[in-house]
Amino acid sequence: TELPETGRLALYLLGLQATCSPPEHLRLLVTWLKHYLNMDWIGSRHYGHPLTSYYQYSLGVLALCTQHKRMGEEVIKRLLAAEHHDRFRQASIGAVDTEAVAALAFICLEKKRMVRPRQLAELQVAIRKIQKRMLEAQDTHGFFGNIYSTPLAMQVFIATNTCHTEPAYDRAMTALLKNLDALTTAHTMAQALPALHSRSYLDVASMSCQLGWRGEKEESQDGVGFGLPINGFLATGTPSAKPTPEVLENMITVTLVVECLPWCSLQHLYNQSVSVPAGTSLLGVLMVATNQETGNFTFDTEDTFNGPFLTRVMGLKAQQNHRFYWQLLSAPKTSLEMGVAEYKPKDKETIILRLSKW
């Protein structure tokens, strides 16, 4: 069964709303998003988690809230229950991202008074708990989790009007400004833009398309408006078919290992060295591996709003319904915090693709 595209459609809706698209252009998207969110809720009831993920589920709730569209009480109750039972952090990847988007959804529902009084109190408690956990997750560099989750976490402090009084927010902004070159895809750059301009996704709910953000005809002082990606993902660093002589002088060797223990009898399904130009993304390494005569390496990806997502390796498919996914590791056990299109392996590094359960 094809998974509902809750997260992608939610970002489309937020993006179109931010660009002041006519309401008639949004109605069909709202209808489809409600349908997908309902499918995700049914999955949550059946499997104990959404068919997609709590990240996408939260994005769906947030997007509908900014459109002032009511949703079933059970939809919100499931998200509150997930926060209460710490299910956002039970997954090994993207805990801060997921909590941030869920918090933004909760803040929107609270501000719009789109829930009953009892749920309103639960929302307020959940928001405070998530903010507290974000502060605990801030590392010595100033990032909330990592550079990619930091802009979303910053949006939570912006949306709650605590950004000016929270020192951790200033540290995060400083760290983000110093590391902007790490944001290499359209999605990661667009995700950071609102926070860099002291905005959050919630601002699209209150903007006046005729008069601007503050009810006046104005633009930001630097002429930069508020924007969201409509469809942004780039596979950076993919090697060209015929490397130039300059590139050939700067080649690196990456060892690629494929594991699926304890579900496979072999310890390694694949273990080969791959030579690529320095600066090549992991996606580029995988592409080169498929052209090597030894090992018969194969893989498939799926385009998502977060970029290419590894779905199948050596014929083995990630199955979200059964909570299987391809984990990306730098040997021996360092989990990569980037996707295949963003991470650029180093010379003599061993990259492990491991079929894991979350």
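Quick reminder: no glycine exception, Cβ is built from N, Cα and C everywhere.
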- Task: Have a look at TrEMBL and say which candidate in Cys65, Cys163 forms the disulphide with Cys108.
- Result: Cys65
- Message: Between Asn146 (cyanocob(III)alamin binding site) and Cys108 (disulfide bond), how many Å separate their Cα atoms?
- Response: 25
- Task: May I ask for the distance between Gln56 (cyanocob(III)alamin binding site) and Cys108 (disulfide bond), taken between their Cα atoms and rounded to an integer number of Å?
- Result: 16
- Task: Using C-alpha atoms only, work out the spacing between Leu328 (cyanocob(III)alamin binding site) and Cys108 (disulfide bond) and round it to an integer in Å.
- Result: 34
